Amino acid sequence: MSIPIQNIIPVIEAKATIELVDEIIENVSIDSRSQQNNNKTLFFALVGPNHDAHIYINDLIDKGVNNFVVNYIPDNINDKANFLVVDNTLFALQNFASYYRALFSFPVIGVTGSNGKTIVKEWLNFLLSPDYNIIRSPKSYNSQVGVPLSVIAINEHHNLGIFEAGISTIGEMVRLQKVIQPTIGILTNIGSAHDEGFVDISQKIKEKLKLFSDVEVLILHKNKTIEAFLKSEIKTFTWSSQDRSADVYYQKKSFDNHSVLNITYKNLCFSISIPFTDDASLENCMHCVLTMLYMGYNDEIIQSRVSELFPVEMRLKVKNGINNCTLIDDSYSSDFQSLKIALDFLEHQKQHKKRTLILSDIFQSGLSDDELYARVSQLIISYKIKRVICIGDTVVKFKHKFLNSISFQSTKDFIKAFESLDFDNETILIKGSRQFEFENIVSLLEEKTHETVLEINLNSISHNLNYFKSKLKPKTKVMVMVKAFGYGSGSYEIARLLAHHKVDYLGVAFADEGIELRKAGIDLPIMVLNPEMTSFSSMIQYNLEPEIYSIRQLKAFLKIADQKELTNYPIHVKINTGMNRLGFDTEILPELVSILKGLTSIKVKSILSHLASSDVLSHNEFTLKQISDFEKDSSFLMKELKINPIRHICNTSGISNYPEAQYDMVRLGIGLYGVSNDEDEIHLLENVGTLKSVISQIREIHEGESVGYSRRFMAEGKTKVATIPIGYADGISRAWGNGVGYVVVNNQQAPIIGSICMDMLMVDVTGINCTEGTSVIIFGKDPSVVTIAKGIKTIPYEILTSISERVKRVFYRE
Ligand SMILES: *Cc1c(COP(=O)(O)O)cnc(C)c1O
């Protein structure tokens, strides 16, 4: 891309303030963290319900970005820059993408539907890539933002596009159609996913079909309901295994690990074999077969290529590696777009000084190899990659372009040399296309722990944060509580995400937790709820701010503050209004004032109290009394000390139930992790943590046989018993055993039978389709931690924070 800024102004209908006239735009960004931002970037400052990228503009100007599409020009701009002011920056991004898309005239496949979009896209990419230079949406970039960004990555070497479109409500598809402008349409299916955004199924069908308003052909499963909604001028190309009037008809035979489809199309009969047996995969495969038929492929090529289809892994995963390394596992794809995405992702993870990239040959960039690897080399420099390990015939030829590189012809050669390569305390990005089988590299580098993992969805954390922010007044600050290892979810990774979202404060329980965060590079202000006197000195060293709750503790802190000759060191004064845990009682406040008055070593940064029962509405009166006492006591301190500190009292349920008590800041805790006491609110939050394990062994027992210690389960008939390697030492309460609780295997509930052991538990999987090695959900969406808490008469907080540190945490983004 190379477009003068002046040409973009009319395209997005902007009012422009141009200070630098000759700017040429070569790339587009919406992510302030991306290392790809530079003086050729056009930055679109997107605004979400609670997210406003205008706050990053000054940071970006400092990094050299000169061109911005904005809703308004922020005050106090650091330096000269061009501002294109529009009513809606998202629409402007879409309009720009639509203009850019129209500059190219090759065929573009547009895929939508309720399920299977990404798989169909990835499979088509694999099937067609021997013959085309394909541009496709990276990962599952199919949203109002993801689609324009995918389209903007087209370059002059591409000759086929495959883009997916996902929508959640009406009005969205028309905009995506304008951006994608598909010439070939694929409708995967219409299921019940995301129904909330539509009044009924017919509205949903009509909306989805808008993607195909201008296609030459629409490929779909033959379906009378959907066809009834289609305009007569749209030509369809349909398949079915039931309806012989479809253009393509097939019959299937299933075997253990593959299926054979006998296909009839016009006068042609042929059979294909695919390495899947489930219906969803067959459906996805048929969409690909029809696309290939439509594009003129013969049965032989179709047969040979579909026989090599593979499962698609869409997520970037972060894993703990050997020797204290952090792995970013993207071992299933290696196009240039997704390399850029993976490098940005790396930038957001735990920072080791050393960064290594393990890279295979890159396919279908649309660029010549020279240009491609020159660009890769630029990326490697801007992301400060210290070492590149090249694997594959092509990338090896370009290894001289990378500063510090090691090369291998094949993955096997790498594995032979593995012991000599010395991976230690570094971030390793593993990026390879499927045929290189980099999963073998991942398994060498991965820290070996047991098969139980707690998966943390980082997107859901952002979602939940934004949800709670939407309940706040614009000026209300947010402190997020990341105590107890981020409520069991991991502290550093979450803190880093929160820093990006520019939350105002973090709260931890003890100094050690704050020190850990500082050591990992978190520089947000951090309040320590329960600072022990022995840790004051190291707290000061790490710039952690104590909560002060008693005269004794205050005096101890002041003594150290004097020794260290501190000035204006921030402290937080806690008032007790009825929790009766920590804090100054009202009667002590005059004494507190007499000590603090005139002191210059410290500064009262905030005054806080804590609600004892904000989640229990029957204690409403009590809570209101707490709030009014807080108002009185804090006002007294402010008046006597002539200060104007931040005041805060609300925790998560306080935010929801006492919006009038937001004061200047709130302290968000459990809600961030997707938990709420409120039935309605639960549906607006997203589940963050999923605790998973796998079945170690399955056996069948008969009437009268028992399971586990003390023989507390007795079989009443033939019972299929599965053993799962997680027990009370991992944090699964024994109270959840003996038929009280369950795990989920293949979407079905399997009751826990017998007593939960230290490291294992047994479940009844009679009638459930599973084998040794099948994955099991201990908690997540179902059972949720709320369900478990109810079942064993405790609170979700205890379930989350009990999960032992020996359970590996894996963080991912969708
Ligand atoms: C833990 C904690 C919070 C957060 O509470 P949630 O109910 O998890 O939102 C807020 N304030 C204090 C003082 C806390 O200890």
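The backbone N, Cα and C atoms fix where each Cβ goes, glycine too.
TrEMBL has this to say about the protein:
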MOD_RES   LYS483  N6-(pyridoxal phosphate)lysine
ACT_SITE  LYS483  active site, proton acceptor
BINDING   ARG581, MET758  substrate binding site
DOMAIN    688-812  domain 'Alanine racemase C-terminal'
ACT_SITE  TYR709  active site, proton acceptor
Reported as an integer number of Å, what is the Cα distance between TYR709 (active site, proton acceptor) and ARG581 (substrate binding site)?
40
On the three-state reduction of DSSP, what should I expect for TYR709 (active site, proton acceptor)?
helix
Inter-residue Cα distance where the pair is MET758 (substrate binding site) and LYS483 (N6-(pyridoxal phosphate)lysine), in Å:
26
Let me check the 10 A CB neighbour count of MET758 (substrate binding site). How many other CB atoms are there?
11
Taking DSSP as the reference, which of helix, strand or coil describes LYS483 (N6-(pyridoxal phosphate)lysine)?
helix
With helix taken as DSSP H, G or I, strand as E or B and everything else coil, how many residues of the domain 'Alanine racemase C-terminal' (688-812) land in each class?
23 helix, 45 strand, 57 coil
Surrounding CB atoms that lie within 10 Å of the CB of ARG581 (substrate binding site), all protein chains:
12
Reported mean pLDDT - the domain 'Alanine racemase C-terminal' (688-812):
95
When a 10 Å sphere is centred on the Cβ of LYS483 (N6-(pyridoxal phosphate)lysine), how many other Cβ atoms does it contain?
19
What's the number of neighbouring CB atoms sitting within 10 A of the CB on TYR709 (active site, proton acceptor)?
11
